[in-house]
Amino acid sequence: MFKIAVLISGGGTNLQYIIDSINRNYLNCSIECVISDRKDAYGLERAKNNDIDTHYIDRKYTEKSVSDRILEIIDGKVDLIVLAGFLSILEGEILRKFKNKIINIHPSLIPSFCGKGMYGIKVHEKAIEYGVKVSGCTVHFVDEGTDTGPIIIQKAVPVYSYDTAEKLQARVLEEEHNILVEAIKYISEGKIEIIGRKVKISSICN
Ligand code: GRF
């Protein structure tokens with residue numbers, strides 16, 4: 001069974017969609033644990049409601065030791081780490097031990113509106129402010145940078161002149177759920193090949 005750990009900081013709708021996709025046998029995976037860097041993240045409730053082990057790691061540690069504590073919990077136990085709205089930046093040994101085995105969902109079409117400090121509603125405010133006609137979401141491998149790893153899947157959504165950041169966020173979030181599960185599915189089925197910065201998915205030409 002392909003085993004994953006899901007890291008969260010917030011409401012956990014992406015986590016919920018992964019749970020639902022496993023329960024309807026779309027994903028042949030198991031979630032070994034959910035780890036949050038925020039004690040009040042509702043995603044922890046979602047995990048508990050589905051009998052999934054949860055861990056809370058207090059962010060008052062430096063980011064390096066948060067990463068080291070996460071590594072202690074999951075090392076040798078999972079095949080993939082999924083960042084689903086996880087706001088701390090992973091650093092150090094975990095990036096080496098889990099090279100090309102950590103993925104992140106970002107609510108824009110990288111390389112637009114990403115990088116340090118670009119998360120949550122701020123991403124959509126910047127997109128609206130810039131006047132883009134399309135935005136969207138990206139699943140990418142996590143490397144030493146912030147939102148800089150090889151791109152696995154992207155999905156575009158239209159941006160309308162009357163959109164508020166909240167309206168755009170909701171439209172993008174719907175697609176995040178879809179592409180994050182697709183990325184997990186491709187990886188769990190061994191359909192991903194990384195060639196430099198490029199990611200080839202064997203079941204589709206892209
Ligand atoms: C999503 O917008 C995701 O792109 C961003 O954080 C949010 C997480 O939402 N990284 P949820 O906690 O999965 O509902």
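The backbone N, Cα and C atoms fix where each Cβ goes, glycine too.
Record features (TrEMBL):
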type	residues	note
DOMAIN	3-184	domain 'Formyl transferase N-terminal'
BINDING	GLY12, THR13, ASN14	N(1)-(5-phospho-beta-D-ribosyl)glycinamide binding site
BINDING	LYS64, ASN104	(6R)-10-formyltetrahydrofolate binding site
ACT_SITE	HIS106	active site, proton donor
SITE	ASP147	site 'Raises pKa of active site His'
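Here the features listed in TrEMBL are placed on the structure.
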residue: GLY12; record: N(1)-(5-phospho-beta-D-ribosyl)glycinamide binding site; Cβ within 10 Å: 23
residue: THR13; record: N(1)-(5-phospho-beta-D-ribosyl)glycinamide binding site; Cβ within 10 Å: 18
residue: ASN14; record: N(1)-(5-phospho-beta-D-ribosyl)glycinamide binding site; Cβ within 10 Å: 23
residue: ASN104; record: (6R)-10-formyltetrahydrofolate binding site; Cβ within 10 Å: 24
residue: HIS106; record: active site, proton donor; Cβ within 10 Å: 25
residue: ASP147; record: site 'Raises pKa of active site His'; Cβ within 10 Å: 20
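Proximity note: of the listed recorded positions (GLY12, ASN14, ASP147), ASP147 have a CA within 10 Å of the CA of ASN104 ((6R)-10-formyltetrahydrofolate binding site), given in sequence order.
Here the candidates are the recorded positions GLY12, THR13, ASN14, HIS106. The one whose C-alpha lies nearest to that of ASP147 (site 'Raises pKa of active site His') is HIS106.
Contact annotation for recorded positions (GLY12, THR13, ASN14, ASN104, ASP147) versus ligand 1: GLY12, THR13, ASN14, each with CB under 6 Å from a ligand atom. Under the DSSP three-state reduction, ASP147 (site 'Raises pKa of active site His') is assigned to coil, being neither helix nor strand.
Other residues of the chain with a Cβ within 8 Å of the Cβ centroid of GLY12, THR13, ASN14, the N(1)-(5-phospho-beta-D-ribosyl)glycinamide site, are ILE8, GLY10, GLY11, LEU15, GLN16, TYR17, GLY43, ARG46, ALA84, GLY85, HIS177. Each residue contributes its Cα atom, and for GLY12 (N(1)-(5-phospho-beta-D-ribosyl)glycinamide binding site) and HIS106 (active site, proton donor) those atoms are 14 Å apart. The residue listed as 'active site, proton donor' sits 14 Å from THR13 (N(1)-(5-phospho-beta-D-ribosyl)glycinamide binding site), taking the CA atoms of both as reference points. Looking only at the domain 'Formyl transferase N-terminal' (3-184), the predicted model's pLDDT averages out at 97.
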